[in-house]
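Novice: Take a look at the following structure, please.
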Amino acid sequence: MTATTLDGVATAAAVKEELRERIAALKARGIRPGLGTLLVGDDPGSQSYVAGKHRDCAEVGIESIRVDLPATASEEDVMAAIIALNTNPDVTGYIIQLPLPRGIDENAMLELMDPDKDADGLHPTNLGRLVLGVGGEITSPLPCTPAGIVEMLQRYDVPISGKHVVVVGRGLTVGRPLGLLLTRKGLDATVTLTHSRTANLESYVRRADILVAAVGVAGLIKPEWVKPGAAVLDVGITRVVNEETGKARLVGDVDPAVGEVAGHLSPVPGGVGPMTRAMLLKNVVDAAERVDS
Ligand SMILES: Nc1nc(=O)c2c([nH]1)NC[C@@H]1CN(c3ccc(C(=O)N[C@@H](CCC(=O)O)C(=O)O)cc3)C=[N+]21
């Protein structure tokens with residue numbers, strides 16, 4: 001059997017098409033959504049992601065404002081940039097690209113954001129709303145990667161309710177909020193959240209109807225670990241630089257041979273990454289629509 005590809009590029013394009021209409025409607029009301037990005041340092045992965053976010057904005061008609069600080073920036077410099085984004089009227093939503101350089105307190109920086117401008121859903125108020133909202137309508141921004149994963153599963157009609165989802169990785173941007181989201185009323189998955197200290201990881205992975213791998217260990221998930229027919233979503237990204245050409249290749253957490261066993265496979269690249277970016281745009285549009293409605 002060969003898995004059906006969960007095509008993140010095509011699905012993100014469909015999401016963006018829907019957003020274009022909503023953006024036009026906002027502009028007709030005199031509201032101009034604008035995304036800010038704050039990038040500190042010169043990590044090549046982060047540079048590439050931020051560049052992608054600005055391209056996406058241009059594609060759908062969202063203004064974007066880029067703030068880049070050098071790796072030598074102090075915590076005070078970062079705080080000043082956050083305060084400026086909070087007060088900049090052209091910025092209706094923004095993100096702090098993570099990880100921040102060592103020595104800068106990430107949680108403190110996230111907490112300094114205006115929660116109404118938090119396009120990533122990572123401000124403690126918005127994470128708190130995700131914890132508090134067991135069911136009902138979601139009115140706070142959701143972390144982009146978990147939202148993108150759910151959106152992709154739904155658009156491919158992969159059943160979630162009552163299914164056993166095994167998440168590998170407990171990080172702030174993916175694993176932890178994904179467990180909270182999938183166990184809400186209306187989605188109703190049963191979630192096992194595993195991590196680097198999980199004993200006998202393989203035994204959990206084998207029981208997954210839906211497997212999400214988000215640890216950043218290249219090729220960790222082996223085909224023998226995967227239940228035949230399971231939906232497998234690869235979120236890990238490891239950049240492997242070719243010594244001769246200097247070019248970077250992206251390698252996921254899932255061994256490509258898993259495609260022979262899985263029912264659905266979201267690959268790296270071309271899977272969850274583009275969906276993450278599409279959900280960022282959606283958060284910006286949602287927030288702009290909330291402003292005076
Ligand atoms: N505050 C914050 N919010 C984030 O959402 C956030 C972050 N920090 N820090 C880093 C991670 C990582 N992340 C990705 C987004 C898109 C792709 C993406 O588009 N990937 C393409 C390939 C891109 C390339 O070629 O480099 C793909 O998988 O097809 C990847 C990774 C968002 N993150």
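Cβ from N, Cα, C; glycine included.
Pasting the relevant annotations from TrEMBL:
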DOMAIN    6-120  domain 'Tetrahydrofolate dehydrogenase/cyclohydrolase catalytic'
DOMAIN    143-290  domain 'Tetrahydrofolate dehydrogenase/cyclohydrolase NAD(P)-binding'
BINDING   G169, R170, G171, I237  NADP(+) binding site
Novice: Determine the C-alpha span of the NADP(+) site listed in the record, that is the greatest distance between any two of G169, R170, G171, I237, in Å to the nearest whole number.
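Specialist: Farthest-apart Cα atoms in G169, R170, G171, I237 are separated by 15 Å.
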Novice: Return the residues near G169 (NADP(+) binding site), defined as same-chain residues 6+ apart in sequence whose C-beta is under 8 angstroms from its C-beta, sorted by sequence, else 'none'.
Specialist: G175, T194, H195, V212, A213, A214, V215, G216, V235, G236
Novice: For I237 (NADP(+) binding site), which residues in the same chain are close in space, meaning a Cβ under 8 Å from its Cβ, but six or more apart along the sequence?
Specialist: G45, G216, L250, V251, G252, V268, P269, G273
Novice: So how many of the residues in the domain 'Tetrahydrofolate dehydrogenase/cyclohydrolase catalytic' (6-120) end up helix, strand or coil by DSSP?
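Specialist: Helix, strand and coil residues of the domain 'Tetrahydrofolate dehydrogenase/cyclohydrolase catalytic' (6-120) number 61 helix, 19 strand, 35 coil.
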Novice: With Cβ-Cβ distance below 8 Å and at least 6 positions apart along the chain, what are the contacts of G171 (NADP(+) binding site)? List them in sequence order.
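Specialist: The list for G171 (NADP(+) binding site) reads A214, given in order along the sequence.
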Novice: So how many other Cβ atoms are close to R170 (NADP(+) binding site), meaning within 10 Å of its Cβ?
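Specialist: A count of 18.
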Novice: Kindly state the mean pLDDT of the domain 'Tetrahydrofolate dehydrogenase/cyclohydrolase catalytic' (6-120) in the predicted structure.
Specialist: 97
